Structures are given as C-alpha cells and as structure tokens.
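Chemist: Please find one structure pasted underneath; my questions will follow.
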Amino acid sequence: MKPQFGVAERFHAAAVLLFLVAPILVAMIVAFSSGNRLDFPPPGLSLRWFGVALGNELFIDGLLVSLVLAAASAVLATIAGTGAALAINHHRFRGRSLVQAAVMLPIAMPTIVLGLGLLFTLSIYDMQPGLLPTILGHAVLGLPYVVAMVTAALASYDTSLERASLNLGAGPARTFLRVTLPLIGNGVVAGGVSAFMISLDNISLSLFISKGDTLPLRLMQQLQSYADPSVAAIATVVVGLSAAGFLLSLAWGARRRRLVEPAPPGAAAGRPPAESKEATA
Amino acid sequence: MRSRALVPWLWLLPAGCLLVPFFVLPLAVTFRNSFWRDDDSGVAVPAFTFANYARVLGDPYYLQVFGNTLWIALLIAALALAIAFPFAWLLARLTGRAQALVFWVVYLPLYVSVVMRAFGWIVILADSGVVNQALLAMGLIRQPIRILFEVEGMVIGMLHRYLPLMIVPLVTALRKLDPSLLRASANLGAGHWYTWRRVVVPAALPGIVAGTQLVFSGVLSDYVTPSLMGASGYQLVAPAIYYEAATNSAWALAGAMATLTLALVSLLLVVANALLRRFAPWAATL
C-alpha cells in the first residue's frame, strides 16, 4: 500500500520545513549584505561583512578556542562513550541498567545546573575557569550521544567475530583494533561528530566555566551590544566548516562501508545528535 | 573467572573518570551548597539552613521566575507536539530520497549555531523586520507590531530551537509502527479517528514522552533565547540562575534555584515514566 498524503498534510509539512529553514536562510543572506544594517532583503550583495568578521580578533580567537575545545572534548567523549557502550552492550554485570541510565543522564539534566555545579566543584580540584574545565564539561555533555550512536552500531554487530579473533590467537588489544573498532567505526565517528557539534554550540556550560572566550559566547555578547551582519558572517563561516567536516565524515563512512560489508544499518556516519533517542527509547 | 568480571568495569573506567568528578560530584555539591549561607562578601559559607529555599519559594519574584519558566516549557512542549505530530506522521511514511531530504532539513537547525538562528529571527521579527514590513505593505497594520523582545518573539525562537527535538523521537517511534496494523484496523471496521486514537497515538507514546522531556530540560536550561530574544520583564530560570551567581554573587541562592530546577526535571522524568507504565506499559523506558 503506497502511503497517501492529503493536501492539508502536505501544506502543514511545507510550512514546518519553511519555519525550520527560514531564520537560517535569512541570517546567511544578511551575512552577504552590502548594507550597514540588518535589512532584509539586503540592499546589495558583498563580502564586506566577512572581511569585518575575519578581521575581528575577538571572533578569530573565539573560533580557535572553540575548535580546540570541540576537538578535545569530542576525543574524550568518544573514548569514554565507546568504552561505556561496549561495556553495556557486550557484558552482563551487576548494576548494568543503572550504569546505562547514568551515562544517558547528561542529556536529560539541565545544562545550566551542571554549569553552576562545575563552577562550585572547580575549587575542589584547584582549577580555575578556563579551557581545561570547559573541555571536561563539554565531554560530559557529548558522552551520551557517543554511547547512543555506538550502541546503535553495535545492534548489528556479531560478537562471534570477536570470539573467532580471540580463538585464532589475536590478543584482546589486537582484536579490538582490527575487528571491533572497524565494525563499529561508523557509530564511533557519528558519535564523535555529534559531540564536536554539541561542544561547538554550547553556551549554558561555557558561561560558567570558560573564560568567556568561546565563539558562541563572543557572538552572543556582540549581538547583545551591537548587532551587525558580521555576526552572521562568522556564523556562516562556521556552518561552511561544519558542512565540509560533515561531507568528509560522509565520505569516510562510504569508504568504511565499502571495506566492511554488510553495512550496519543504524550506523550511517554523520547521524545527527538528536537521533540518540532511538537508542534510549 | 574473577578477572573476567572486571572486564566491563575496565571498559567503563574512562566514562567513570569523566562522569564521577565532572557530573555526579558537581550536582551533589550544588545540592550541598544550596543549604549554605551567602556571605555579604560574596562567598557562600558552610552552614545548614533552609533560608535559600524559603527565599526562593516565598519571594514573589522568584516564584514568578519559576512560574514563567514552567508555563513557557509547557507551552513550547504543547505547541511542538501539536506541530510535530502530523509532520512526524508524514515523515515516518515517506520513503527513500524524499525522507532523507526532509530529515536533512529537520536536522539542519541542530547543526547551525544557536546564536545564528537567533540572529535570523531578529532580522525576521524586529520592528523593521520581514514580518512587519510585509504586514505594513499589505496594509494590515499601521504601526509595526512588537514581536521581538516580547514573550511572543522568545516563544517563536524557542519553538524553532526545540521543534526538531520533538520531531525526531516521534518519527523514531512512529517508524516502528507496522503498517499492516493500520490495514487491520481499517479492515476490522475502525474509522480514521478511531485508528488514530487506538493505533497511531499509542505507538507514538514513547516518542511523545521522550520529546517532551527533551523540550522541558531544554527550555529550563535555555540561557541564549531569553537573553537574545526575550522581554527583560519576563525572567526565566536559566538567566536568573546565572544572574544570581555571576552578578549578585548569591551562590547558595543560585544553588537552591538550580536544585529546584533539577528537582522539576527529575519529577517530570519520574512522573512521565510512572504514567507510561500505568497506561502504556509497552512504551515504558525506565
């Protein structure tokens, strides 16, 4: 039976899609404005606001800080999350369901509360607000997304391959690197990408434990004090960078799929973050 | 055999090293500090007092902040559900390229900086923005209507931010619905609405619950949207917590507000799952 879509249903869907895309499209167009203000449609097109944005040291510093922060926290989240997903899915142990709930909890907890709590806790570790605590905090936020996506990849994973490898004399480390990791690679990459994006866009946590020097914080300050199209321009640059990264991860995923057939269905690289509910629901 | 039992815990070690000191402990410390006392010099000193809670729950200002936040969270969750449900139902039945494309658009906002999304809405909703220009040109209004920096503008911004978080779990739940159930229902004489009520909605329940939880915890910790698009006279809890902590140095008070926020989110989690287990045991997640 081919699904049928009513007129009202199509109209509603089109309206929702327009609503989702509109502000992003408008912001991108204003980034190319030649005018001085936030007029839409812009009086003309130019790249002047990209020049202004790329010449703004606060933005460039912020972008570098944010990229380092996102990369470092994504690596931490990926290592910790992959390990946790393997433990939960491949082993039966006491307290397993509790552990499972605990690693997913950072998604459900309000980030602003964790931010305040981390600030309280930093003095216990003799730390000051700055890059290191922000990396660790963001890694906590990324962790559940990695767990969810690696879990999805593990759903189609055959543990007998692992046993075969061990029986054939490969050590546990070799088995993990040559058998397990290639098979769940797509899920690991997708989780890492999600953790990266979560960190790149975070404000509620950085607000408390960074030095206020991440790009989203700087953009927010700029928008609150003086809104000009340079904010949209630098944000458009970031969108371009993430699009490039996303395409790279897709290409990587495609290469993996050719190497490892059949492809795990739930583990397409670049699965966006919110998909994680699939694993928790 | 004993060493084998340690293997899962070894795999869990990195996650534990991250979660215990940087997730569990901060929440515990927040709870502890919420009973401390704010010194006049701007530090929280160890004590055991319910004064912070008494102040938050007794002062009309703070009650208003929590009331506003709960109302906005409920409103956004209800609006998002009403808008997302028919959309998710369509998306779940789409196939192939069309489905991939629509999914891509749904995920798009999640990949774009929240500040940029707010920027776009500012351009659209401002007094001289797209909406007002269009309405003025059509002669429907004489004066620009104020949407931005009002509750309305903030609600639009938040709805945009959290709608994908409602759509995705709903689609995930609805995709698990076996289409033959719909045929069976129709063959057995059930009308369109009856099938919806007895087949589609029950199948969507896990998605509804998951989406509502995501939207709730999102609104409760949203600092950006109220700050960039909201009305200064309409405080929400996330900016208020930051204000008490960073500007007022009322750390213990901020701790009490944070603990109450945490309690609200946990309460929702528990209640939602209890309701699910009672009325829809097939959908219970906890």
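Glycine is treated like the rest: Cβ placed from N, Cα and C.
The domain 'ABC transmembrane type-1' annotation in TrEMBL covers A:63-249. Residues or ranges marked as region 'Disordered' by TrEMBL: A:262-281. The transmembrane segment annotation in TrEMBL covers A:12-32, A:63-89, A:101-125, A:131-155, A:176-198, A:230-252.
Buried or exposed, and what's around them? Tell me for each listed feature.
Modeler: Counting only same-chain residues 6+ beyond the ends of the transmembrane segment (A:101-125), those with a CB under 8 A from a CB of the stretch are 81, 84, 88, 133, 137, 140-141, 143-145, 147-148, 202, 204-209, 276, 280.
Using a Cβ-Cβ cut-off under 8 Å and counting only residues 6 or more beyond its ends in the same chain, the transmembrane segment (A:131-155) has close neighbours at 65, 68-70, 72-74, 76-78, 80-82, 84-86, 88-90, 103-107, 111, 114-115, 118, 122, 183-188, 190-192, 194-196, 198-199, 202, 205-206, 209-211, 214, 264, 266-267, 271, 273, 275-280.
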Chemist: Please indicate, using numbers and ranges, the residues of the same chain that are 6 or more beyond the transmembrane segment (A:12-32) and have a C-beta under 8 Å from a C-beta there.
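Modeler: That would be 38-42, 45-47, 49-50, 229, 232-233, 235-236, 239.
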